[in-house]
Amino acid sequence: QGRILEKTGLCSQITFGRYVRQGRKLGLDPKLFIQDLQFNKVPVRVYQPKATSDGPRRGILFFHGGGWVFGSLDTYEKVCRYLSRESDSVVVSVQYRLAPEHKYPAAYEDCLSATQHFLQHLQHYAVDPARVTVCGDSAGGNLAAAVSQTLAGRSDLPRLRAQILIYPGLQALDFNLPSYQQNRGVPLLFRERAAFFALLYLNGDALHMQEVLEGSHIPPDMRLKYRKWVSPDNIPEEFKVRGVKPLRPTDFIAEVYETVKRFCEPNLCPLLAEDSVVHQLPESFILTCEYDVLRDDGLLYKKRLEDNGVPVTWYHLEDGFHGIISLYDYCGVSFPSGKRGLDRVVNFLKSL
């Protein structure tokens, strides 16, 4: 894979990937008023139901997936329209800056900035300050979790009502958790790809990918410190039936750690936040898929939230694979379990 990247050149490969995923321009939606705006200089698309409402509506900030490298407002247009229409909510889809051109923390800062702006101007969109939720899939789930943690301790803004994390990627310490071993070659996200995207987001390049996959990028004392949160021991047994082998630890390589040590920052890897932060988080919805390398990130975060007394609604797609939600009605193709997952999200929103 590395060879192919060298031959085609990373830039042209990413440009091509973005082109393929850009999504078709949709026509007007009879039930929604849709406008492109800027919140604190961050491009957003706001979806508002046209029907009159008895009172202020729910607000949803949506951060799209795509490994922090791909994805756009257009790619997720159908998903956002569906969420807005079906849950009768105002949806704000955020076009955060993408890697590798814009490295961490650019995407996180854009999502936080747009969220703060929205929270300060809710009355303008007739949104109920007590019912604002952050939502994202994959890398967007990572951003939603990070924004939610940052805002948890803020008293100057309305408190978030909930966070919705759809197969989120939440840590880059261990790429050999059971789900990484079991689903290493399952589309749409291969194990190598997960590390590749995390490195592009962090550093703008994928140097040391092999060492990161093997785990030699984390010092032993740190591995020990985070073991209480990032460990196969915290994964329920039923998820380990599909073949998992204990791996011998690889040797730590200090110079690799130097280039990736920000992987230990919770804004990048929310699973590593302290209990004092997790304890303050809002009610959560977590969706996981069985055939997904990121399954265990979701399961580990679910445990951390529950251990800290945060109410969690968990929905597991037994037949789901990574990226299935973004394929909702994609070029006329739809996966029933993707639709089922999306409808669970809508039901959760309606319960708030």
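Any Cβ shown, glycine's included, is placed from N, Cα and C.
Residues annotated as domain 'Alpha/beta hydrolase fold-3' in TrEMBL: 60-207, 251-325. Residues or ranges marked as active site by TrEMBL: Ser138, Asp292, His322.
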Residues in the domain 'Alpha/beta hydrolase fold-3' (60-207) grouped by DSSP into helix, strand and remaining coil: 62 helix, 26 strand, 60 coil
Show which residues of the chain containing Ser138 (active site), separated from it by at least 6 in sequence, have their CB under 8 Å from its CB. Gly65, Gly66, Gly67, Ile166, Tyr167, Pro168, Gly169, Leu189, Leu294, His322, Gly323, Ser326
